[in-house]
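**Student:** My questions all concern the structure below.
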Amino acid sequence: MKMAGWKKKLCPGHHLWALGCYMLLAVVSLRLSLRFKCDVDSLDLESRDFQSQHCRDMLYNSLKLPAKRSINCSGITRGDQEAVVQALLDNLEVKKKRPPLTDTYYLNITRDCERFKAQRKFIQFPLSKEELDFPIAYSMVVHEKIENFERLLRAVYAPQNIYCVHVDVKSPETFKEAVKAIISCFPNVFMASKLVPVVYASWSRVQADLNCMEDLLQSSVSWKYLLNTCGTDFPIKTNAEMVLALKMLKGKNSMESEVPSESKKNRWKYRYEVTDTLYPTSKIKDPPPDNLPMFTGNAYFVASRAFVQHVLDNPKSQILVEWVKDTYSPDEHLWATLQRAPWMPGSVPSHPKYHISDMTAIARLVKWQYHEGDVSMGAPYAPCSGIHRRAICIYGAGDLYWILQNHHLLANKFDPRVDDNVLQCLEEYLRHKAIYGTEL
């Protein structure tokens, strides 16, 4: 009776008016129905509702990561110079810079995990069946800057993936506790079972990844590939794009592997020892085991599960692992050499035709200061728009268009204290592309 009375009030007893009112009621009912069907907390991947534009819009609005400043991220990602200059000028204004989130902030907000994940806008369900069926493993080695770690985790997070986090034993206790608090909110993120003190350019950097490899192989997740990261990395592809790129490898690995220069050969000519730092001795090392040809690359790799298994279990691999332990920066020649070893799954021959530069491999995009220059004159890339640290570009907003033109899965280095605009725009770009499948 109440419903009938409500209809009479809304729709007076005129036939034409009544027809219009019933049409209005139908539209309202449809919109309410769509709203209920688009419950973003319980979307079914196979449902038509999930694929509808209306639901995508609702989902994006609940998860979008817009830049917090008045910068034109769409223009920056497209290389619009006016937008880039505005962002670079904006970054110079100290008063506009937000202080980084602290260990204490994360210790407090993670007391309520659901609030933390909602407020920090983590994607908590697979965005496609293809992604669900192709889980990726991550080895994440960190030692400082808790907000950097949390934003990196958020950017690469998907509930079907598996994440091992190694924290440097030397890190402050509050940092370690904040990392533990964050990962306690996710069933598929865990701390490495064995932690080591990481010394720059020493074996410990490799050991951190090996510890995560062991743990990841013991997990119940049937991951296909392993990616390793550090705290200054950030993805430049969505999880869906990564899955597609990894499938195209067809079991092969992707990492830099080139012939070493004479200066780099000195890295394994003498033995190195570790105290608080790494220092050379006068002790000459024996040649590589079985006169294996040595190659150089970097610390980062895209490795198949079978490759990882052989790193840990194959006797020939273990002999090489032992041999490189007292060399300088072994992470930059161990993986590169194993990638050319004939017994390793997914490797490539040692013949020069198979040399792989960092620009050819998909593991990591880096701008080296000594390679920057005029592209029209043959330089591989333009000068860094941020600053340099250890001859590596800390990206600025002017680098983002170039970054997004490359095929790599991740890029290095980012630091929000140097330029947060480039990171915010990259976050906005990736989140938009993850939900809509299109660029900003």
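Backbone N, Cα and C define each Cβ position, glycine as well.
Here Swiss-Prot flags CYS73-CYS230, CYS164-CYS384, CYS185-CYS212, CYS393-CYS425 as disulfide bond, drawing on similarity to another entry. Annotated N-linked glycosylation site per Swiss-Prot: ASN72, ASN108, in sequence order. Marked as topological domain 'Cytoplasmic' by Swiss-Prot on the basis of sequence analysis: 1-9. The topological domain 'Lumenal' annotation in Swiss-Prot covers 31-440. What Swiss-Prot lists as transmembrane segment is 10-30.
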**Student:** If I take the Cα of ASN72 (N-linked glycosylation site) as reference, which of the disulfide-bonded residues CYS164, CYS185, CYS230, CYS384 has the closest Cα?
**Tutor:** CYS384
**Student:** According to DSSP, does ASN72 (N-linked glycosylation site) sit in a helix, a strand, or coil?
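**Tutor:** The residue in question, ASN72 (N-linked glycosylation site), is coil (DSSP, three-state).
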**Student:** Which residues of the same chain, at least 6 positions away in sequence, have a Cβ lying under 8 Å from the Cβ of CYS425 (disulfide bond)?
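**Tutor:** Counting only residues 6 or more apart in sequence, the Cβ neighbours of CYS425 (disulfide bond) under 8 Å are ALA67, ILE71, CYS73, ILE76, THR77, ALA87, ALA397, LEU400.
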**Student:** Any idea what the Cα distance is from CYS212 (disulfide bond) over to CYS393 (disulfide bond), rounded to a whole Å?
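**Tutor:** So the Cα of CYS393 (disulfide bond) lies 28 Å away from that of CYS212 (disulfide bond).
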**Student:** For CYS384 (disulfide bond), just give me the three-state DSSP call.
**Tutor:** coil
**Student:** Considering Cα atoms only, can you say which of CYS164, CYS230, CYS384, CYS393 is the nearest neighbour of CYS185 (disulfide bond) among these disulfide-bonded residues?
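**Tutor:** That would be CYS164, the closest of CYS164, CYS230, CYS384, CYS393 to CYS185 (disulfide bond).
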**Student:** Over the span of the topological domain 'Lumenal' (31-440), how high is the average pLDDT in this prediction?
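**Tutor:** On average, pLDDT over the topological domain 'Lumenal' (31-440) sits at 95.
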**Student:** How far is it from CYS393 (disulfide bond) to ASN108 (N-linked glycosylation site), counting Cα to Cα, in Å?
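**Tutor:** Each residue's Cα considered, CYS393 (disulfide bond) and ASN108 (N-linked glycosylation site) end up 34 Å apart.
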**Student:** Per DSSP, to which secondary structure element type does CYS212 (disulfide bond) belong, with helix, strand and coil as the options?
**Tutor:** helix
**Student:** So if I measure Cβ to Cβ from CYS384 (disulfide bond) and keep only same-chain residues at least 6 apart in sequence, which ones fall under 8 Å?
**Tutor:** LYS367, GLN369, GLU372, CYS393, ILE394, TYR395, GLY396, ASP399
**Student:** Count the other Cβ atoms sitting within 10 Å of the Cβ of ASN72 (N-linked glycosylation site), across every protein chain shown.
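**Tutor:** ASN72 (N-linked glycosylation site) is surrounded by 17 other Cβ atoms within 10 Å.
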